[in-house]
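Visitor: Attaching a single structure in structure tokens format; questions to follow.
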Amino acid sequence: MAIPDEFDIIVVGGGSTGCCIAGRLANLDDQNLTVALIEGGENNINNPWVYLPGVYPRNMRLDSKTATFYSSRPSKALNGRRAIVPCANILGGGSSINFLMYTRASASDYDDWESEGWSTDELLPLIKKIETYQRPCNNRDLHGFDGPIKVSFGNYTYPTCQDFLRAAESQGIPVVDDLEDFKTSHGAEHWLKWINRDLGRRSDSAHAYVHPTMRNKQSLFLITSTKCDKVIIEDGKAVAVRTVPMKPLNPKKPVSRTFRARKQIVISCGTISSPLVLQRSGIGAAHHLRSVGVKPIVDLPGVGENFQDHYCFFTPYYVKPDVPTFDDFVRGDPVAQKAAFDQWYSNKDGPLTTNGIEAGVKIRPTEEELATADEDFRRGYAEYFENKPDKPLMHYSVISGFFGDHTKIPNGKFMTMFHFLEYPFSRGFVRITSANPYDAPDFDPGFLNDERDLWPMVWAYKKSRETARRMESFAGEVTSHHPLFKVDSPARARDLDLETCSAYAGPKHLTANLYHGSWTVPIDKPTPKNDFHVTSNQVQLHSDIEYTEEDDEAIVNYIKEHTETTWHCLGTCSMAPREGSKIAPKGGVLDARLNVYGVQNLKVADLSVCPDNVGCNTYSTALTIGEKAATLVAEDLGYSGSDLDMTIPNFRLGTYEETGLARF
């Protein structure tokens, strides 16, 4: 079908939010309404790297074709490193390639935005509208059961799930039924996933909203591999977008095409790209735009500011050789891969139907733990967290394998503790360096530039390390991926114990347990059993580690050297008063209806609109913003009542999966 040059509505960016907006609006009861969805990446339909949940780590590789990697300025807070922040580059955005973890924000998160229509109570009907909750539920008033996005445990659970939960419970972290109830901030749970259990497939935004609509409607036009250069503004009104090929034929003289919008343009390019599009369009800090050769149209200093993320780090551990993990599969073992693919294609179950992240916690410190923090952090905690008991400080979860480059570690079986800071105090920015859409931005994510972010990450390392050491599967620490404690420190990371090492090696191995004291020290045996030092299934425990100030310094150094993005960035087009607010001090970009200040018919809708952080994996928030934005656009067009349902056609088994789909 030929793509016309003019539409009623143009949605620029086919990520998690953009797909939701375009899919909903194309289902308005108006056969003459046309919607264009413009996406820089490729179409994701029938892509096994998308729909198979268990292959998601491949999308994190630096040579991935499904992500764009942005490099930051060098940072003193990261010991001189540059942060690398990937952004999805495929239809469906992050929902096509993320970790698939189902997590929802705390109620106070949305309330704190203080924007009309955006409180948790007001958003709850839209949050429920998103999902089909595919598990028994005691909170039916908080979940949805007929939405386009499916939520389940997948069709396979690694045994590290119950092992982790027993260990966490022994630390005083209660195991709860529903940690995503908007209020529980301290607990452990069997973690749900954005996976359709009926199909064994990832539940991404494009397959949920866009592809079903395009199979049933003629009103939605999809334009892929196309980058937005700028919005064209005439007499204060957004009237068109100028686009260029995603891959430049001639970067110095880009070939462009302009698409006009009769009613509305919605920018949904993500936290890094949305402010860059606005800046190239003449919307941003006027002095900066002039300095890079762009004529200012609207002076909005907040564009590109207030960059936030969740700060993540990983710590791996050995597990006993009989513990199932995904290591052999991701390492490329042909037997493991054939078995997993055969099981998925035959039954839609097995290890390819999970992300291997089976259990996790949200935690807040006790008064005793908080007393060990520095004074600056305690003041910040008192101001931000004390009166908001629904906000967790940290998250960590167990991954059933080594999450990282397997060429850098020996063969074996592992588990990885995956941590992220829920509400960092640090802030950053992203700015264009020229009017050329292919030029890299000036980017400083601000990771750890506020030292108050260090104590909770040190605390989480200690907490998760004790969880790991209390797990029955625990067999030692991958010392190369832990802090560099002093040799004589009791906190020093230790390798496989002797018995486990021998079990891995087998009877014919000649060098297993060869003593090489300058390189490795085995883990101690667990302490003798006593009533106060066992988990609920009577597993003996290793003694708790006591840390010195010197040990804490080693952990801080490790965190500075290894903290990275969690792919959860937000905030650069903040929905806040134009003059700014406490949570968006450099100025707001959007009003409560997502309109860009000073321009008619132009909205922004993606995670960049969040003026403050959310304590969750952000796919749920991106979808919530999408549902809200679709409603706002429809209301602007004059729709109300049941017309705002904009029901998506059902995703039916076999609709997208072609017979004989080639395996990897």
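Including glycine, each Cβ sits where the backbone N, Cα and C put it.
From Swiss-Prot, for reference:
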type	residues	note
BINDING	8-39	FAD binding site
ACT_SITE	His568	active site, proton acceptor
Visitor: Give me the Cα-Cα distance between Asn32 (FAD binding site) and His568 (active site, proton acceptor), rounded to a whole Å.
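Guide: Distance between the two Cα atoms comes out at 37 Å.
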Visitor: Please report the distance from the Cα of Arg24 (FAD binding site) to the Cα of His568 (active site, proton acceptor), rounded to the nearest angstrom.
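Guide: Rounded to the nearest whole number, the Cα-Cα distance is 24 Å.
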Visitor: Relative to the Cβ of Val12 (FAD binding site), which residues of the same chain, six or more apart in sequence, are found under 8 Å away?
Guide: Gly18, Ile38, Cys228, Val231, Val241, Ile265, Val266, Ile267, Ser268, Cys269, Val277
Visitor: Rounded to the nearest Å, what's the C-alpha distance separating Ala36 (FAD binding site) and His568 (active site, proton acceptor)? Just drop the number here, would you?
Guide: 26
